[in-house]
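Colleague: Got a structure for you, questions after.
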Amino acid sequence: MDTNKILKDLNAKAAELGFSAIGIAPADAAPAAGARLRAWIADGRHGDMLWMAEKADRRESPRALWSDVKSIIMLGMSYAPGLDPLRHAGHPDIGVISVYAQGQDYHDTIKARLKTLARWLLAATGEGEVKVFVDTAPVMEKPLAAAAGIGWQGKHTNLVSRDHGSWLFLGAIYTTLELPADAPHADRCGSCDACQRACPTDAFTGPYSLDARRCISYLTIELKGPIPHEFRRAIGNRIYGCDDCLAVCPWNRFAKASAEAAFLPRAELTAPRLAELAALDEAGFRQVFAGSPVKRIGRDRFVRNVAIALGNSGAAGAAPVLKRLTEDASELVREAAAWGLSALADDLERMRGERGGDDRREQVEDGHEEQRRGSEAETEPQRTV
């Protein structure tokens, strides 16, 4: 096997398939990552993501997942946005969906191309075995990508690339082939702490250290139950994920907008109207988010997020929308909507000095009173004659 030619052709084939970055790490790369993971889990910072703890032993070492692996080919695909991801933050009528979820589901796109590249590698070498992963197995993609020289793990704990900023999807090809490893990338964060200061919920316990239980991405995507009250105001109008710490990274200025068709934002997901999203039933939700990562959390969790955003909107017009949601079939949605009505009333109370403020307050209070009366009627014992 002509290793140099294989590596040259491998890089060319990866670029042909749309990958933005490629690097190779040995199977024993990032040995300290496993210990950090165990300490993070021991502190409970993984929240309700129990699968993190259940598969920690397989995640902490590539060979724990596949004993025969010798080399790990890490690949990155840029999804850098063409517009400022924070441009709609705080908008009263619009919900913000994380950049990565505005296009097609990256799992499908990247896995298909990883398989194509892996098949090419087997054909080119005539030997070895391969396995491909993209969020489909307990793989520590970020430490391995750093070890492979694609970038470094920034203070926001995500991978940062000098060429692509904080906007890389990662995938891995495990192989029994012994390939020359690339040099790990040096940390280029320096004294910058922009990502730490940008977090709306103070989820960072320090540089390179995140408490998932406080992270808006965790709260709006992974958390299945009610979102803790202490974070609801800070969530603002973010209804699926959060890009704040990624968006402020100075290295993003070198990133070119992704040209990958699958990752181009769908127009209806770049500035979705909260009132329209609140009206989605199960069928409507599946239709709107077909092919999107958003579909994985289901309608009830998503509308829970929308109700909180409406409660933070400060818009009197949100009151009747929230009132309808207090009668939703889902208890999760009803609770969030009741909170939203109360939060909206509090905000409008502070606006009473403005012109028309009393009318706005009255509109919300009417909705809140109707909700209270409806709840009392549901719990009042029924008389029989």
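Just so it is clear, glycine is given a Cβ too, placed from its N, Cα and C backbone atoms.
What you are looking at is a predicted structure, and each value in this text was computed from that prediction instead of being measured.
If you look up TrEMBL, you'll see Asp135 marked as active site, proton donor. Residues or ranges marked as cob(II)alamin binding site in TrEMBL: Arg59, Asp135, Leu159, Leu170, Ser217, Cys242, Asp243. As annotated by TrEMBL, [4Fe-4S] cluster 1 binding site applies to Cys189, Cys192, Cys195, Cys249. Among the features that TrEMBL reports, [4Fe-4S] cluster 2 binding site is placed at Cys199, Cys215, Cys242, Cys245. What TrEMBL records for Lys224 is tRNA binding site. What TrEMBL lists as compositional bias 'Basic and acidic residues' is 350-376. What TrEMBL records for 180-209 is domain '4Fe-4S ferredoxin-type'. The annotation region 'Disordered' is assigned in TrEMBL to 350-385.
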Colleague: For each of the binding-site residues (Arg59, Lys224), count the other CB atoms lying within 10 A of its CB, then report the residue with the highest count.
Modeller: Arg59
Colleague: Going by C-alpha distance, which of the recorded positions Asp135, Cys199, Cys249 is nearest to Lys224 (tRNA binding site)?
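Modeller: Nearest listed residue in space: Asp135.
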Colleague: Please report, as numbers and ranges, the same-chain residues at least 6 past the borders of the domain '4Fe-4S ferredoxin-type' (180-209) whose CB is under 8 Å from any CB of it.
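Modeller: Beyond its ends, the domain '4Fe-4S ferredoxin-type' (180-209) has Cβ neighbours at 3, 7, 23-26, 29, 45, 71, 146-157, 160, 162, 215-216, 219, 231, 234-236, 238, 242, 244-251.
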Colleague: Using DSSP reduced to three states, classify Ser217 (cob(II)alamin binding site) as helix, strand or coil.
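Modeller: Once the DSSP labels are grouped into three classes, Ser217 (cob(II)alamin binding site) ends up as helix.
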Colleague: Can you check how the pLDDT averages out over the domain '4Fe-4S ferredoxin-type' (180-209)?
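Modeller: It averages 98.
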Colleague: In sequence order, which residues at least six apart in the same chain have a CB under 8 Å from the CB of the residue listed as 'active site, proton donor'?
Modeller: His107, Glu141
Colleague: If you draw a 10 Å sphere around the Cβ of Cys215 ([4Fe-4S] cluster 2 binding site), how many other Cβ atoms fall inside it, taking every protein chain shown into account?
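Modeller: There are 25 of them.
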Colleague: Far apart in sequence but close in space: which same-chain residues, 6 or more away, have a Cβ under 8 Å from Cys245 ([4Fe-4S] cluster 2 binding site)?
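Modeller: The list for Cys245 ([4Fe-4S] cluster 2 binding site) reads His156, Asn158, Cys195, Gln196, Ala198, Cys199, Phe204, given in order along the sequence.
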Colleague: From the binding-site residues Arg59, Leu159, Cys189, pick the residue whose C-alpha lies nearest to the C-alpha of Cys215 ([4Fe-4S] cluster 2 binding site).
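Modeller: Of all the candidates listed, Leu159 is nearest in space.
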Colleague: For the binding-site residues Leu159, Cys199, work out the Cβ neighbour count at 10 Å and name the residue with the minimum.
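Modeller: Result for the binding-site residues Leu159, Cys199: minimum number of other Cβ atoms within 10 Å at Cys199.
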Colleague: Just to be sure I understand the packing, how many Cβ atoms besides its own are within 10 Å of the Cβ of Cys189 ([4Fe-4S] cluster 1 binding site)?
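Modeller: That number is 19.
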Colleague: Apart from Cys199, Cys215, Cys242, Cys245, which residues in this chain have a Cβ no more than 8 Å from the mean position of the Cβ atoms of those residues at the [4Fe-4S] cluster 2 site?
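Modeller: Close Cβ neighbours, site residues excluded: His156, Cys195, Ala198, Pro200, Thr201, Ala203, Phe204, Leu210, Ile216, Ser217, Asp244.
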Colleague: Write out the long-range same-chain contacts of Cys192 ([4Fe-4S] cluster 1 binding site), meaning residues 6 or more apart in sequence whose Cβ is under 8 Å from its Cβ.
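Modeller: Set apart from Cys192 ([4Fe-4S] cluster 1 binding site) by at least 6 residues yet with Cβ under 8 Å, we have Lys155, Pro250.
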Colleague: Could you check which of the binding-site residues (Arg59, Leu159, Leu170, Ser217, Asp243) sits closest to Cys189 ([4Fe-4S] cluster 1 binding site), going Cα to Cα?
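Modeller: Checking each of Arg59, Leu159, Leu170, Ser217, Asp243 against Cys189 ([4Fe-4S] cluster 1 binding site), the shortest Cα distance is to Leu159.
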Colleague: Just name the winner among Cys195, Cys242, Cys249 (the binding-site residues) by count of other CB atoms within 10 A of its CB.
Modeller: Cys242
